[in-house]
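Per TrEMBL, the features are:
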DOMAIN    14-235  domain 'YjeF N-terminal'
BINDING   N76, N77, G78, G79, D80, G145, F146, S147, F148, S149, G150, S151, D174  (6S)-NADPHX binding site
BINDING   N77, D141, S177  K(+) binding site
Amino acid sequence: MLKQMTRYLTQREAQRLDEQLMSSVYGFSIDQLMELAGLSVAAAVGKQFPSAAVASTSNAAGGGYNRVLVVAGPGNNGGDALVAARHLVHFGYSPSILYPKRSAKPLFEGLVAQCEQLKIPFIERIQDASAVDAAYDLILDGIFGFSFSGSIRPPFDHVVGTLQKCQTPIVSIDIPSGWHVEKGNEDGVGLEPQMLVSLSAPKLCAKHFTGPGKVHYVGGRFVPKSLAEEFNLKLPEYPGVEQCVERPSRGITTFFIVIILILSAAHNRARLKTKSLAPCTCLLQGNWPIVIAMRLHLEARLF
């Protein structure tokens, strides 16, 4: 039996999920969630964009991505980025942090102090796109999260505009900066990252994160089963001690679903006592949504 379809969260649902996690019932604190999220992001970066040391021992393509520009915003997404930068140092990377609008809250001041103790350099302003491409192997986008709305205001309008012109691969934390949390990059003003790391569960905008070379991870292995059931989340299965898992390409997923539907229809031919090759005919005629509808009617579930 296939798993149920991925559950995407609206902006309000994402906010409610965090509120519930930090309620007296579940007992998490914001710094705990930030730490776990940042660790998940760093782990995903390590899997997809290995450092030079790891690349040399595993024969990974690309030669390593040691130099990481971590761009931190003023809110919790920026906090996730600061945590990720700290873990990246321990994973063998050499991050630098662009933090244009620092928070005065003690939590964020502590995160900055931790990074400074690891000798992570903080840069004052972003260079032009060509200079960024020359100086860094990877960009970690932690500017805006799921609370973002409206237009991009200074100084981040200039930062996002510069990053849009960069050729260096970009990894976005939870939401690509500038995207509408539910509608995606509808105005074209947001970043177009090569990789997205959804935290807890994908947000609706992740449906629009498609295209050649796009990689989507889910991280945040901390949601209790009871809360996942309350929100009807379809959380991934994390193998072993993994903190993140890669989601299959939607195109690849659709291909395998269609193959499974065809094989399943043939398998059920005797039981149904009907011309179960009719779904195959529908598929060949380009009517694969009908195939899916027919199989769903028979009891299967898509993931």
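Positions of Cβ are set from backbone N, Cα and C atoms, glycine also.
No curator has checked TrEMBL annotations; they are predicted automatically.
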Highest Cβ count within 10 Å among the binding-site residues G78, G150: which residue is it?
G78
Is any of the binding-site residues F146, G150, D174 within 10 Å of N77 (K(+) binding site) (Cα-Cα), and if so, which, in sequence order?
F146, D174
Just report the maximum Cα pair distance in Å for the recorded (6S)-NADPHX binders N76, N77, G78, G79, D80, G145, F146, S147, F148, S149, G150, S151, D174, no decimals.
22
If one looks at the chain holding D141 (K(+) binding site), which residues at least 6 apart in sequence have a CB under 8 angstroms from its CB?
V71, A81, L163, I170, V171, S172, I173, P176, S177, L191, P193
What is the number of other Cβ atoms found within 10 Å of the Cβ of D174 ((6S)-NADPHX binding site)?
28
Can you check which residues sit near N76 ((6S)-NADPHX binding site), meaning Cβ under 8 Å from its Cβ, same chain, 6 or more apart in sequence, and list them in order?
I30, M34, G145, S147
Looking only at DSSP and grouping its letters into three states, which state does S177 (K(+) binding site) belong to?
coil
Per 10 Å Cβ neighbour count, which of the binding-site residues F146, F148 ranks highest?
F146
Given the binding-site residues N77, S177, and counting only Cβ atoms in the protein chains shown, which has the most within 10 Å of its Cβ?
S177
